[in-house]
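Q: Would you mind keeping the following structure in view while I ask a few things?
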Amino acid sequence: MNDEQDQDKKSGVSRRGFLGATAVAGAAGAGLASGLLGFGAGEAQARARNSGLEFHVAPGELDTYYGFWSGGQSGEIRILGIPSQRELMRIPVFNHESATGWGKTNESKRVLNGSPHTNGDTHHVHLSYENGTYDGRYAFVNDKLNTRVARIRLDIMKPDRITEIPNVAAIHGINPQRWPSTEYLFCSGEMIIPLPNDGRHLDEPEHYWTLMTALDAETMDVKWQVWVDGNMDNLVTDYSGKYVGATCYNSGRGVTLAEMMGPERDWAVFFNVPAIEKAVAEGDFTTIGDSPVPVVDGRGAAEGGTAYTLYVPVPRSPHGLNSSPDKKYVIASGKLSPTVTIMEWSKVDDWFAGKLNDPRDTVLAEPEVGLGPLHTTFDGRGNAYTSVFLDSQVVKWNIDDALRAARGEQVNYIRQKLDIHYQIGHIMASMAETVEADGKWLVALNKFSKDRFIPVGPLRPENEQLIDISGEEMKLVHDGPAFPEPHDVVMVRADLVRPARVWSRDDPFFAETAERARQDGVDLERDNTVIRDGNKVRVYMTSLAPNFGLTEFSVKQGDEVTVTVTNLDRIEDVAHGFALVNHGVNMEISPQQTASITFAANKPGVHWYYCSWFCHALHMEMSGRMLVESA
Ligand code: K7E
Ligand code: CUA
């Protein structure tokens, strides 16, 4: 340690001291790292003593977790490294995106299924499972705005399937089956609508309903739906593969806020998957409108449930629903009630087996945690962490102690209440949605940042705070701004995700484009050629830094032109772009990828195309001309 650092240590940690000390961070300890956050010196040192984990990821070092963030109204997914909270990549999903050409390329248009929508609203990202933990194959995400769900391949980090869900409006919660592996993806329809919604019923809320949907996770086809009472909010699967639960609000089926606030109690609804599969196999279902999807009738809240559904009354307007990593409990967060409702999966099983009479017998306890509980997460050591929106706090509580208190024992189940900044929505701990919950990091996704960052106009970023939960005491270690509005995140151990380094030449993502080339007699890796097919023109070219295989091609005014580029570079990270001036054409072509884009050549004249991704010292010179003859 040099004199200056020694001085800093004596006088308290200054920002300058931190910057100077990073090279010896190991010796200097976490306290210096905290100095960067602008804590007072004493505060930083206190944190240093208590903080168990090093969150500062020095230049050249790598994060230990992937954070898959939903992107909210942006319609995308974002990948952040944890603990650095550096944004590593964005995955356009429902949105159209300028840099990669998502929504413009033929390959992305196939995934988007010709949807007229160029936007989405993603809330919940979850990964596919095997035996209760992540298998590294897929991520799934909802689109509340346009009632869709998407699957993202985690090798190429691009969506490969998007499915529009029939008969419902606004998909909100999603959860993959966790055990033994993800055969189904389940999703909850949030808003109630007339069934069918074809104009025959309008202002007649007695005809409004919603459905829970099961998709085949392999094909992303809709397999069946279940008709329920009430709106559905968040949704969760258990660790046996047998049950799915959803919180429901608006059990009175109101259409105005006042009506929705009418009933004292709403419910959590549980679905018996094997019983529903049996009903579908035996033809005990209906269909709605022109949708062929089997719909099993699970309405029956007044009776406590049906053979397919169980309605557990809970305080009004519950929000989050989460499965504990010990596989035992399912916890609904009260939102308008200061409580969380702890239910037991085995009691849900008992109810369907006819061993319980009252749905409320599935409830073990309803501990108070604070004002506005929204979501709950877990550390794998028996503690739960609930986000409380109105109190702006993360509340750590012990599940066993809450159960003991409910049995009348004098125990304090609250472990700690930590202030966050400000108004927390979702909360998530590392690996907490799996049986491998490891209790290291927790992210608080806060809806308001207010004074935490320098002002950027009336629209402020969200504030996502990283909390070290490895010790007895929670420690706030980092503020991270985010473009509005991620709702949820999963934090996944880095060894469980295995992304491709370059594309495989036979990747199914561009198989249809490759098949078209084969029919044209074109070898994508060798040929640079123009094929005319009536007024359709297919231009095939390679790219190899710093050259396009074609530096010019000619078409006629009015032609429909498809440019297909195959990137021959094998070196990691050497992506090219194909951008055509004044035509709105731009796309990414990563190493060994084939990408194509179709546009109209309506303007006679000379139009330059250029490589839009920096690839080489002669990147600026990587260009060519499209010559358009006038008609
Ligand atoms: Cu709480 Cu859409 Cu998960 Cu937002 S939902 S917070
Ligand atoms: Cu190729 Cu820039």
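Cβ atoms here come from the backbone N, Cα and C positions, even for glycine.
Given the structure is predicted, the values throughout are model-derived calculations rather than measurements.
As listed in TrEMBL for this protein:
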BINDING   HIS123, HIS172  Cu cation Z2 binding site
BINDING   HIS124, HIS426  Cu cation Z3 binding site
BINDING   HIS319, HIS375  Cu cation Z1 binding site
BINDING   HIS487  Cu cation Z4 binding site
BINDING   HIS576, CYS611, CYS615, MET622  Cu cation A1 binding site
BINDING   CYS611, TRP613, CYS615, HIS619  Cu cation A2 binding site
DOMAIN    532-631  domain 'Cytochrome oxidase subunit II copper A binding'
REGION    535-631  region 'COX2-like'
Q: So which of the binding-site residues HIS124, HIS487, CYS611 sit close to ligand 2, that is, with a CB under 6 Å from an atom of it?
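A: Cβ < 6 Å from ligand 2, in sequence order: CYS611.
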Q: Out of HIS426, HIS487, HIS576, HIS619, which binding-site residues lie by ligand 1, with a C-beta less than 6 Å from some atom of it?
A: HIS426, HIS487
Q: Quick one: DSSP breakdown of the domain 'Cytochrome oxidase subunit II copper A binding' (532-631) into helix, strand and coil?
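A: Counts, helix then strand then coil: 3 helix, 58 strand, 39 coil.
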Q: Using DSSP and collapsing to three states, where does HIS172 (Cu cation Z2 binding site) fall: helix, strand or coil?
A: strand
Q: If one measures from the C-alpha of CYS615 (Cu cation A1 binding site) to the C-alpha of HIS124 (Cu cation Z3 binding site), what distance in angstrom results, rounded to a whole number?
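A: Checking the Cα atoms of CYS615 (Cu cation A1 binding site) and HIS124 (Cu cation Z3 binding site) gives a distance of 35 Å.
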Q: List the same-chain residues at least 6 positions away in sequence whose Cβ sits under 8 Å from the Cβ of HIS319 (Cu cation Z1 binding site), in sequence order, or say none.
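A: Looking at Cβ-Cβ distances below 8 Å from HIS319 (Cu cation Z1 binding site), excluding near sequence neighbours, one finds ASP233, ASN234, THR247, TYR249, ALA332, SER333, GLY334, LYS335, PRO373, LEU374, HIS375.
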Q: Within 10 Å of HIS123 (Cu cation Z2 binding site), Cα to Cα, which of the binding-site residues HIS487, HIS576, CYS611 are there?
A: HIS487
Q: Nearest to HIS124 (Cu cation Z3 binding site) by Cα, among HIS576, HIS619, MET622 (binding-site residues)?
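A: Nearest candidate: HIS576.
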Q: Going by a 10 angstroms cut-off between Cβ atoms, which of the binding-site residues HIS123, HIS124, HIS375, HIS426, HIS619 has the sparsest surroundings?
A: HIS619
Q: Of the binding-site residues HIS172, HIS426, HIS487, TRP613, HIS619, which one has its Cα closest to the Cα of HIS576 (Cu cation A1 binding site)?
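A: Spatially nearest to HIS576 (Cu cation A1 binding site) by Cα position is TRP613.
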Q: Mind giving me a neighbour count for CYS615 (Cu cation A1 binding site)? Other Cβ atoms within 10 Å of its Cβ, every protein chain shown.
A: 22
Q: Around the Cu cation A2 site formed by CYS611, TRP613, CYS615, HIS619, which additional residues qualify by having Cβ within 8 Å of the site's Cβ center?
A: ALA545, PRO546, ALA575, HIS576, GLY577, SER612, PHE614, HIS616, MET622
Q: Report, as a single number, how many Cβ atoms besides its own are within 10 Å of the Cβ of the residue listed as 'Cu cation Z4 binding site'.
A: 23
Q: How far is it from TRP613 (Cu cation A2 binding site) to HIS487 (Cu cation Z4 binding site), counting Cα to Cα, in Å?
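A: TRP613 (Cu cation A2 binding site) and HIS487 (Cu cation Z4 binding site) have their Cα atoms 31 Å apart.
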Q: Just to be sure I understand: of HIS172, CYS611, HIS619, MET622, which binding-site residues have a C-alpha no more than 10 angstroms from the C-alpha of HIS426 (Cu cation Z3 binding site)?
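A: Qualifying among HIS172, CYS611, HIS619, MET622: none.
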